[in-house]
Amino acid sequence: LGRMKPVIVVHGGAGRIFKEREEGCRAGVVRAALRGYGVLKQGGSAVDAVEEAVRSMEDDPHFNAGCGSVLNEKGEVEMDAIIMDGKNLDSGAVSAVKCIANPIKLARLVMEKTKHMLLTDHGAHLFAQAMGIPEIPGEKLITERSLERWKKNLEPDSNPEEFQKDLGTVGAVAIDSEGNVACATSTGGLSNKLIGRVGDTACIGSGGYADNHSGATSTTGHGESIMKVVLARLILYHMEQGMSPEVAADTALDYMKTRVGGLGGVIVVNKAGEWAARFSTKQMSWATVKDDNLHYGIHAGEKHIKSVDEALASEREGF
């Protein structure tokens, strides 16, 4: 088998990205893509690459995952994450986890250290302790912005639906030089959600799916809508029918919109290393690296291209 050219694609969430946050979101997805690509270039696996990219965005307060996650009705951060290996369809996920910095790391441990695929809430917490994952105070994950939004949504005349449009789930998909694909997705969920609400992110086939036979995808957007159509798996199904990543993504997003009125965004890579970043929302921050070129954008039709060397140089100078 010929060596594959590695590819990574990341998203920082679909929705409405406010002007003053654009720069930070762009820089955040670019940083994540470069980090994931660095892993792939050193011969790392697709699974390593997507975990690294997502961890980078969990640590970035611009995104609704890890630090910067939105708050539930009680004012707490509850997070969901999933990771999947396209080689053998192994997957690990956690839901409604609190007080850890990187849910994606915990999801990876669920995949590799247990016979299970999804641990939730208290059980996930016990497993994290057993694995020596450091606990952090819940308030360490709360940003000023999340707190403000939570308070706004508590007001009697507020419409949390309005705010949901600025979602910011994060995700990554990759293909490594061996031709293995993987996906990872992580989120703080919906602002002011009911305690214990789990959305699409932790659900295999909805928040993400990876299969070497077709490709990998990670989704973002209105979780309940994504779950209704099992969006990630639907995209791979379309690719199995012979559609390109872009057409498969658009077809599935279109179906979700017409069938259940849901908006979202997806990133896709197929087994040939072709990629797509598509969305039906106003915006989605995304970045990809292939052939040592970085592509990134936020608005529909927007696409910047830089060489990786140039991007890494400006990265060191602080974007």
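Quick reminder: no glycine exception, Cβ is built from N, Cα and C everywhere.
Annotation source TrEMBL lists active site, nucleophile at T169. The substrate binding site annotation in TrEMBL covers R197, V198, G199, D200, T220, G221, H222, G223.
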Review point. Listing them in sequence order, which of the binding-site residues R197, V198, G199, T220, G221 have their Cα within 10 Å of that of T169 (active site, nucleophile)?
Key: T220, G221
Review point. To which of the binding-site residues R197, H222 does the lowest count of other Cβ atoms within 10 Å belong?
Key: R197
Practice item. Compile a sequence-ordered list of residues in the same chain as G199 (substrate binding site), six or more apart from it, whose Cβ lies below 8 A from its Cβ; state 'none' when nothing qualifies. Key: D80, T187, G189, L190, K193, G207, G223, E224, I226, M227
Check your understanding: substrate site residues R197, V198, G199, D200, T220, G221, H222, G223: biggest Cα-Cα distance, Å?
Key -> 16
**Study point:** Protein Cβ atoms within 10 Å of the residue listed as 'active site, nucleophile', excluding its own
**Key:** 32
**Study point:** Neighbouring C-beta atoms (10 Å sphere around the C-beta of G223 (substrate binding site))
**Key:** 29
Check your understanding: Cβ distance under 8 Å to V198 (substrate binding site), same chain, sequence separation 6 or more: which residues?
Key -> D80, S95, A96, T120, G189
